[in-house]
Amino acid sequence: MAFQAVCILVGVFVCSTYVKGSPQPQARVYLTFDELRETKTSEYFSLSQYPLDYRILLMDEDQDRMYVGSKDHILSLNINNISQEPLSVFWPASAIKVEECKMAGKDPTHGCGNFVRVIQAFNRTHLYVCGSGAFSPVCAYLNRGRRSEDQVFMIDSKCESGKGRCSFNPNVNTVSVMINEELFSGMYIDFMGTDAAIFRSLTKRNAVRTDQHNSKWLSEPMFVDAHVIPDGTDPNDAKVYFFFKEKLTDNSRSTKQIHSMIARICPNDTGGLRSLVNKWTTFLKARLVCSVTDEDGPETHFDELEDVFLLEMDNPRTTLVYGIFTTSSSVFKGSAVCVYHFSDIQTVFNGPFAHKEGPNHQLISYQGRIPYPRPGTCPGGAFTPNMRTTKEFPDDVVTFIRNHPLMYNSIYPVHRRPLIVRIGTDYKYTKIAVDRVNAADGTYNVLFLGTDRGTVQKVVVLPTNSSARSELILEELEVFKNHAPITTMKISSKKQQLYVSSNEGLAQVSLHRCHIYGSACADCCLARDPYCAWDGHSCSRFYPTGKRRSRRQDVRHGNPLTQCRGFNLKAYRNAAEIVQYGVKNNTTFLECAPKSPQASIKWLLQKDKDRRKEVKLNERIIATSQGLLIRSVQDSDQGLYHCIATENSFKQTIAKINFKVLDSEMVAVVTDKWSPWTWASSVRALPFHPKDIMGAFSHSEMQMINQYCKDTRQQHQQGEESQKMRGDYGKLKALINSRKSRNRRNQLPES
């Protein structure tokens, strides 16, 4: 216990040190749900006012369709506009199964329904779909037609058992891929949720699964994703990779730790001949590490893998694997993004195997003889051209795989540290999608990060040197009004659209909305959005061309001074002057909110025609993110205030406020409800407009004025003579005239 306590304290110290050294960045632009809708760059869809647990399970860009699974429904939506009327199939669980589910004590709302979790393209005309079936999984073939114009969408086969293809519990994730009309699934195969398996079904060959109840293979896994990735030029060497997290017991067998893992199998694996019959003989797994390392050495791990995105390149070895990780500690909560080179993953799987002498021993690198062909090699591939099937593998290869499925080395991210870390925030990342964008000054990987509060952050990470990174949150969007956590996310670079789901509905968001950054070249340049550039008239979508000088863009530095010459930068820096009044000894607020929270603010004060001087901040004068708070206003506070914003060394005047101080005694007379004043009706004779004074009043004073005006209107409506409203004009006039020498502009006209 003492050792665990020390580890927890060390972890907290490492994370707090990391946060202290790296302040959490803010989004440069934040759009609420309503503001996002006003940009006309988003669409929203919901089948019902009730939560239906939507999951985007398949994208077909060739037919412009997106297939969504939900509770009792399968949807086909137009990816050009998801708000259009969808094609849908109502596919509930049978009444008998629903009743049995309820009798078993399962949740009637979130468990006893048919939650669709598998949608895979079986062939050109049919989808293969599976649902939880009220804790009795079912599957069927769904006819979608040969073309999207056919408007065909119906289940045209009898339902069959989904056991081994879809989890019983809809709250337990199911992952799957379809290869040559064979389904590869990661799920739980039983009602109680104790038998996890990676399973191949729908096959003309024998069904194959992981070794049952063997914790060396799978230990209470929670599946995250699955992908088919080529391995070299021979198609027989391609492998299916499963990403998951699992609970592993330590040597003391008293506690369980969560580790993120990646496993792989060969699609053409048919199991062993005498051992591992109908079991994978090519199953290997390795640990995925995403951690922060302190200068003194200790690592703080983000243990729980939440989502995976593969950014594919022309060469599969250069594919980038992005992962969302969260902490499992109850002491601190956070999330991180780690990115891995696929070549590093291959290196680990080609490296040493892990070995354990006994239950109380540590893992070591296996030092014995490695059988041939190397365990994990696919039959018929580049290294085993003469072996047509895994049943031809020697017995020692099969035995070795059964006892040594784990690789000794762990897989570390690029530069052995996270790309992005979030600790101490009120949200955690849940989903990720990445787009590769060509800009004027290079190529950037733009990250779209979904959160558990229903927002999407658009982030670009800029390289500064071989190891350091500088991240920019370009924008954060509320894609769901009720802040529902994001459950799935798909991206279409072809359509330049992002598709997001939650328990409540579906959202479609454009990857860019350049016009929101502003109407000036400097605004566009400061945004540093790889999708956007200044075209000489507006901030618009950037398209790489040979004429670079006609498009102004600087993602790496965002410097308007070099990019916006000739676009009247001097005029852009000047803000319109406004007049604001404050009452002596009261509190006032000078508002100045920059467009970007990433800008630093400086306040300058100019009195009469003197030079501008920086405002000295103290307990009385306080700078906030929204402006300058002046407590107990003094005569010396009067003058012209300049609010200067600096971003990327570019300075601009956000606000000019001509601040005038009013005497508290004068304002007291004006607002005395027992001394109503008639001279205020002579607006043209006043040296200032009454509305100007109103801006200086506190909330309580404004309430008094509002009540006075209400009483005045009522008396006028009753036809009373205006003579009864005269009030103590003489007292006010005397008070102001006594201050003529100090400020003659406050003198009222003679009556």
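Each residue, glycine too, has its Cβ placed from N, Cα and C.
Annotation comment: Swiss-Prot describes 1-21 as signal peptide, evidence class sequence analysis. Among the features that Swiss-Prot reports, domain 'Sema' is placed at 28-511, with the record citing sequence analysis. The N-linked glycosylation site annotation in Swiss-Prot covers N81, N123, N268, N465, N585, N586 and rests on sequence analysis. Per Swiss-Prot, the feature disulfide bond maps to C101-C112, C130-C139, C266-C378, C290-C338, C514-C532, C592-C643. As annotated by Swiss-Prot, domain 'Ig-like C2-type' applies to 571-655. Taken from Swiss-Prot, the feature compositional bias 'Basic and acidic residues' applies to 712-731.
Within 10 Å of the C-beta of N81 (N-linked glycosylation site) we count 12 further C-beta atoms, all protein chains included.
Secondary structure at C112 (disulfide bond), as computed by DSSP, is coil. Model confidence over the domain 'Sema' (28-511) stands at 94, taken as the mean pLDDT rounded to a whole number.
The distance from the Cα of C101 (disulfide bond) to the Cα of C130 (disulfide bond) comes to 18 Å.
Sorting each residue of the domain 'Ig-like C2-type' (571-655) by its DSSP state yields 6 helix, 43 strand, 36 coil. When Cβ neighbours within 10 Å are tallied across all protein chains shown, the highest count among the glycosylation sites N123, N268, N585, N586 belongs to N268. Cα-Cα distance from C290 (disulfide bond) to C266 (disulfide bond): 26 Å (rounded to the nearest whole number). Other Cβ atoms within 10 Å of the Cβ of C130 (disulfide bond) number 29 in total over all chains. On the backbone, the CA of C592 (disulfide bond) and the CA of N268 (N-linked glycosylation site) stand 65 Å apart. Taking a C-beta cut-off of under 8 Å and a sequence gap of six or more, C514 (disulfide bond) has these contacts in its own chain: C524, A527, D529, Y531, C532, A533, S538, C539, S540, R541.
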